[in-house]
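Visitor: Could you have a look at this structure, given as structure tokens, before my questions?
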Amino acid sequence: MKFYKYCASGNDFVIFADSEKKDRSELAKILCNRYEGIGADGLIVIVPHDRYDFEWEFYNCDGSKANMCGNGSRAAAHFAHHHLKKSQYLNFLTGAGLIKSFVDDDIVEIKLSGIKDIKEAFEYKDRIWQGCNTGVPHIVTFVDDLSEFDINLCKEVRKKYNANVNFAKVEDDEFIRVRTYERGVEDETLACGTGMGACFYLAYLNQKVKDDILIKPKSNESLYFRLEEEQIFFRGKVKCCFEADYNFT
């Protein structure tokens, strides 16, 4: 079967299309292994849907399923448009709900599913944290210096609150830098779309930024976020790195 290796702002994915849904947890662990497989943060499988352009199955590299992945959804839209010959304007179903996207060559913009479960700020380990769900749960702490990012603290917070963990530095009211520890990967990743979305929304909610800003994750790639009627849109580059055949048996 043919698969495609994708990169989107620092996150990488293995993507292929199939005719039916089924459990691919073990396959995800094999394909995403960076030493014995292809290597990726996640596996995306595109399957048909009778109402929308397609539906996806998303697996983290540890084989666990995730309802949503922001950069993964941009990669999926790029794949569907360029390789499955779908429209530039796409509606597709994820575990977090309907995602709308627009593909313009290698720039892809998506509208995240609605923001929910907004938490009151709280203190933990001498830091102020706040959480929300932008498709998957995130916890955010705003810092003066991103070198304060503490991988051991992230592991502790992730386990305690069962959420992705983000450290965010507001450079000015139009620019944020973000570092993210992701569930399922169980490590810091080069980027996380839903994590950046959570940082953007909580910064906006606390009057730290405007409603249209630039965010740079650890990969240092530029992503642009805007808020319209309580909906988060974000766009950035997507790259198909290569395609190849793989024996999935």
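A Cβ is built for glycine as well, from the same backbone N, Cα and C atoms used for every other residue.
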Visitor: Quick check: of Asn33, Asn91, Asn164, which does Swiss-Prot put in the same substrate site as Asn11, Asn60, Gly70, Asn71, Glu182, Arg183, Gly193, Thr194?
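Guide: Swiss-Prot names Asn164 for this substrate site.
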Visitor: Please list, in sequence order, the residues in the chain of Thr194 (substrate binding site) that are at least six apart in sequence and whose C-beta is under 8 Å away from its C-beta.
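Guide: When sequence neighbours closer than 6 are ignored, Thr194 (substrate binding site) has Met68, Cys69, Gly70, Leu112, Thr134, Gly135, Val136, His138, Asn164 within Cβ distance under 8 Å.
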Visitor: Distance check, please: Cα of Asn11 (substrate binding site) against Cα of Cys192 (active site, proton acceptor), rounded to an integer number of angstrom.
Guide: 7
Visitor: In whole Å, how far is Arg183 (substrate binding site) from Cys192 (active site, proton acceptor) when you measure between their Cα atoms?
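Guide: Here the two Cα atoms lie 11 Å apart.
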Visitor: So if I draw a 10 Å sphere around the Cβ of Asn164 (substrate binding site), how many other Cβ atoms end up inside it?
Guide: 27
Visitor: Quick check: with Asn11, Asn60, Gly70, Asn71, Asn164, Glu182, Arg183, Gly193, Thr194 left out, which same-chain residues have Cβ atoms within 8 Å of the centroid of the substrate site Cβ atoms?
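Guide: The answer, listed by sequence position, is Asp41, Gly42, Ala66, Met68, Cys69, Gly72, Val136, Thr180, Val185, Thr189, Ala191, Cys192, Gly195.
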Visitor: Going by DSSP, is Gly70 (substrate binding site) part of a helix, a strand, or coil?
Guide: helix
